[in-house]
Each structure stands twice: as structure tokens, then as C-alpha cells.
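Worksheet: one structure, shown below.
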Amino acid sequence: MSVHTTKRRLSPASIESLKGDRPIVSLTAYTTPIARLLDPHVDFLLVGDSLGMVLYGLDTTVGVTLDMMIAHGQAVMRGSERCCVVVDLPFGAYQESKEQAFRSAARILKETGCSAVKLEGGAEMAETVEFLVSRGIPVLGHVGLMPQLVNTTGGYRSVGRNEKEVAKIRRDAKAIDDAGAFAIVVEGTVEPVAREITATLRAPTIGIGASPACDGQILVSDDMLGLFNDFKPRFVKHFAELAPAISKAVEDYANEVKARTFPGIEHTFQVKR
């Protein structure tokens, strides 16, 4: 069953039109409460397959399923009402063929009510992007560092540091742009390359570890909120330190339970006489 809201949301076309106007603001969201908090402040929320690592403790995003993405897409739609919501196509749900990609993407849109899907890939995925867009499915592209390919690319590292990598990013970005993506995530890409493709593409670029030269920025919300003490990529800034705050709150709760000071009289139901 689709999850619909009555208020008018920002659309993929709205996001695309922001290029050259002002920076585009985006974050990931996976749950209803977080979506509700982020919705007033962002242009679009990405229900990213990063949820596999952030919420489920997986080592990579490869183990994320289509059913997982749909469930979390529904949750984010319930918690948001004004921003555009984009849901990731997970690994294995679109690479086989453009027809498989359409079936997966159509299911996401119908069952979540979201506005668009995101897929990773460069020139090799351009035909798929064009196929989806021509059939009414807006696509957010993703070039540069591609987490779904970590098993074949040798890990998480920035790209664009040699001529071969620069040529590939240029080719990939242009192909996805020409295919009709409404915006393109550029991940883990050195600043000169990010600046160059941002200046040449029709679609806005959304950077994550790709410098302020991009048309907008996205971060994993759990990263920027400081929920992980043992993991902080160079491109992440902690805008809050929630991990120690949560730890302290739980410690205080445990101490009060053990001391029988919680629940207090104000938290207890009484019989009225």
C-alpha cells in the first residue's frame, strides 16, 4: 500500500531547477522519527542503501535487499511531508537488465510513494537510466566512488587521482547526464574533477566527499550527528556529538532504576479517591 501525504512536496524537477540558484541540501534518512526532524531543513531525503551498514551492522551495502529499501522508504514517507524523497536501488535489483531495473524501480515508487530512485553506475548504466526516465521514473545518478562495487574496486578510497580515473569520471558523469538524470551524486572525488564536471553538466551535482564545488551536499545523517565514535571519514563534520549524549542518558537511566528513583511519583499512575 502506498503512503501518501496531502501537502505538495518538492519534486525531482524542483531539485534540478536549483542548479545555479542556490546549494542543494540533502541527508539520508531511514526511519520515521528522523525523517520528521530532517524534513523542514532539506531539499531531498535519500533512503540510502547505507542503511545496511548504519542500521543493520553489515560490512558493505551489498547485502541490502529490495524489501528492506521499500520498508524504510515507507517509513521515511510517513515522517516527511515537504521534501523530495529518493530511494536507493540496492545491489542486484537493477544491474541485470534495464527491464529488471524498471520492475524494481516501479515497485519502489508504487509501494512507498516516493518521487525517484537512485542507482550507482556510469556509462555502463546510461541506457538503464534513459530507459527508466523515458518511462516516467526520475533517476538520481551516482558516479565517482561507488560503494556497491567495493568488492571489485578494492575498497573505499577517493577517486580522480590519475588520468585514467579522471577520464572515467568525466565519461560516466556525461553519460548519466545525457541519459536524463535529474541530479547526480558525486562521491569521494577530488576537488578539481568535481569542479570541472559540475561546471559542464546540465544536472546538478550532489557531493559527498567531493568538495564544496558541487551544486549541493549530502551526508549520512548518523555520521553528521556524531552517532559513531569509532568511525569518522575525512569528509564528515560532526554537527552534534550524540553518541556520548545518548550513552550518558542511558547511564543515568540505569543508575536511577537501580536506585529506585525512577519511576518517580510523577511517572506513576495512582487510584483517584
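Cβ atoms are placed via backbone N, Cα and C, with glycine included.
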Listed in Swiss-Prot for the 3-methyl-2-oxobutanoate site shared with Asp49, Ser50, Lys118, one of Asp21, Asp88, Asp172: Asp88
Glu187 (active site, proton acceptor) and Lys118 (3-methyl-2-oxobutanoate binding site), Cα-Cα, nearest whole angstrom: 13
Alpha-carbon distance [Asp88 (3-methyl-2-oxobutanoate binding site); Glu120 (Mg(2+) binding site)] in Å: 9
Env. residues of 3-methyl-2-oxobutanoate site, Cβ within 8 Å of mean position of Asp49, Ser50, Asp88, Lys118 Cβ: Thr28, Leu46, Val47, Gly48, Leu51, Thr61, Val64, Met69, Val87, Leu89, Pro90
Length of the line joining the Cα atoms of Asp49 (3-methyl-2-oxobutanoate binding site) and Glu187 (active site, proton acceptor), in Å: 14
